Amino acid sequence: MSMPPEIQAIQFTGFVLSVTFHIVLLFLIWTKATKQFGSYKILMASFSIFSIFYAFVEIVTQPIMHISGTGLMLYTSFSIFSKEFGHLLAAFYCSSFGLCVLFLSAHFFYRYTAVCSPRFLRMLDGLKVFRLLIPVVFLGLVMFLDICWFGEPTDFKSEYLSFKVGQIAAVFYTHSPSGSLQIFWKECIGMFIVWIILFFSISSIIYFAVSTFRTVYHHTKLRKSKKNCEIHRQLFHTLIVQSLIPTFILFLPTGFLLTLPFFDVKEVGRIANAPGFGACFYPALDALTAIIMIKDFRHAFFCCCRPRIPRVRVSSIPESMFTHLHS
């Protein structure tokens, strides 16, 4: 099933903006990040590279979600993929959504360590910062395998959802003609694992954010290390905005839609694809937030965008020349 041309145009626009802004951000991280950033610039660059990869996956997948009754289905718009590869691609797209949350929790943990427990930063110095990505990759892999396991499409799921295509499908329970409830535990357990991973990530973000905010505010009141406090404040505020944007345009709408099948909603319609629009522009907004909110990045970016006015050099004329002309 093909996607409407106007939606394809929106997705392509979001893809171009995402790649462009993240390439700019990577350049600014490489050239303008001061030593006060520490190893955090490596973490920022890693997330930026992941966001570019996420944008590629999103434009290739072009996912469409269908929710009806107690089931849901996600399928890719391109029909060139085989059924098996399309299933893996759709599962990876879904797990990359979880990776966004996990990456943010890793960022908040680093900021928490840098502000609240700086003595432990030596454990994350240089390339050691990639240690933070070990649980990110591990939990992302668990989510991917979990979605592949419980989201495998079957003839029963396609018949129940009245769709003959679909790379990811799940039906959580049904009512028999006699009125008895039949629960499909495989799908319920699989979705529960997804919720557990997301709940763990979001809870850690909230805890590290509150603790970091209290410490930054306390140090600002005491006027300790003004330069370090300023960069910590900028990076922390940037991270807060980078978390709020996907929360409202991606995480909350998707979480809401994933709970609807448990309430046996008969037909959701096109609103089921609302998070897809957020997914198109989220990587671009994430990079733009960092570019605008970090002072050194902002100055460099707007100086490059500002048209240069050629300067007219006026040479000085010796006063003796004027005396000679008037004499």
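Glycine too: its Cβ is placed from the backbone N, Cα and C atoms.
TrEMBL labels come from automatic prediction, so no person has curated them.
For reference, TrEMBL has these:
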type     : residues : note
TRANSMEM : 12-30    : transmembrane segment
TRANSMEM : 42-65    : transmembrane segment
TRANSMEM : 85-110   : transmembrane segment
TRANSMEM : 130-152  : transmembrane segment
TRANSMEM : 192-217  : transmembrane segment
TRANSMEM : 238-263  : transmembrane segment
TRANSMEM : 275-294  : transmembrane segment
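Counting Cβ pairs under 8 Å to the transmembrane segment (275-294), the stretch among 12-30, 42-65, 85-110, 192-217 with the most such contacts is 12-30. Beyond the ends of the transmembrane segment (42-65), by six or more residues, the same chain brings 1, 3, 8, 11-12, 14-15, 18-19, 22-23, 25-26, 29-30, 33, 72-78, 89-90, 92-93, 96, 99-100, 103, 106-107, 110, 126-127, 129-130, 132-133, 257, 272-273, 275-276, 279-280, 283, 286-287, 290 to within a C-beta distance below 8 angstroms of the stretch. Sequence-distant contacts of the transmembrane segment (12-30) (same chain, six or more residues past either end, CB-CB distance under 8 Å): 41, 44-45, 48-49, 51-52, 55-56, 58-59, 280-281, 283-284, 287-288, 290-291, 296-297, 300-301.
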